[in-house]
Amino acid sequence: MNIRIGNGYDIHRLAPKRKLILGGIDIPHTLGLLGHSDADALTHAIMDAMLGALSLGDIGLYFPPSDPKWAGADSQKLLEQVNGLIRDRGWEIGNIDSVVIAEQPKLKPHIATMRDRLATTLAIEPDQIGIKATTHEKLGPLGQEEGIAAYAVVLLKKESSD
Ligand code: MG
């Protein structure tokens with residue numbers, strides 16, 4: 001069994017008149033995340049961790065913000081593509097663990113739904129995905145609700161050919 005590990009990080013600014021999409025679900029809130037795509041920071045962190053595990057670069061390489069093609073893109077579609085890159089190379093996800101840093105809203109009630117959504121996109125089981133939510137104790141820009149950030153680590157596995 002071969003294994004590889006990757007980590008990812010993303011942050012997006014909170015802004016009015018935007019949807020708050022995290023882990024592929026629409027979370028009711030007065031502000032949403034600003035970005036070229038749907039700005040799903042958690043999904044982006046997971047994608048970067050998956051790419052990083054195989055030294056395949058980062059999401060900016062595959063989905064450049066300068067390309068109008070990705071304007072308003074559903075990050076679940078992008079995640080599906082990244083999963084394809086991994087699977088094409090014979091790798092599969094062992095598990096994912098992640099942390100979302102958001103002062104508001106409270107994410108705990110949405111975590112099970114996010115895990116289900118990401119598991120469906122990745123064609124894995126929800127128990128292979130950990131999502132933890134924390135505040136930033138009102139410290140700094142994250143604590144002042146200027147943005148939401150996410151960290152992810154991903155373990156990939158592949159059966160040895162020999
Ligand atoms: Mg991003």
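Residue 1 is the first one shown; counting continues down the chain.
The backbone N, Cα and C atoms fix where each Cβ goes, glycine too.
The record from TrEMBL ties ASP10, HIS12 to divalent metal cation, and of the options HIS29, HIS36, HIS44 it ties HIS44 to that site too. Averaged across the domain '2-C-methyl-D-erythritol 2,4-cyclodiphosphate synthase' (3-156), the predicted model reaches a pLDDT of 97. Each residue in ILE11, LEU33, GLY35, ALA39, ASP40, ALA41, LEU42, THR43, ALA45, ALA149, ALA150 lies on the same chain as ASP10, HIS12, HIS44 and has a C-beta within 8 Å of the C-beta centroid of that divalent metal cation site, without being one of the site residues. In this structure, ASP10, HIS44 are the recorded positions from ASP10, HIS44, ILE59, THR135 whose C-beta falls under 6 Å of some atom of ligand 1. Neighbour list (THR134 (4-CDP-2-C-methyl-D-erythritol 2-phosphate binding site), Cβ cut-off 8 Å, at least 6 residues apart, same chain): VAL99, VAL100, ILE101.
Secondary structure from DSSP puts HIS12 (4-CDP-2-C-methyl-D-erythritol 2-phosphate binding site) in a beta strand.
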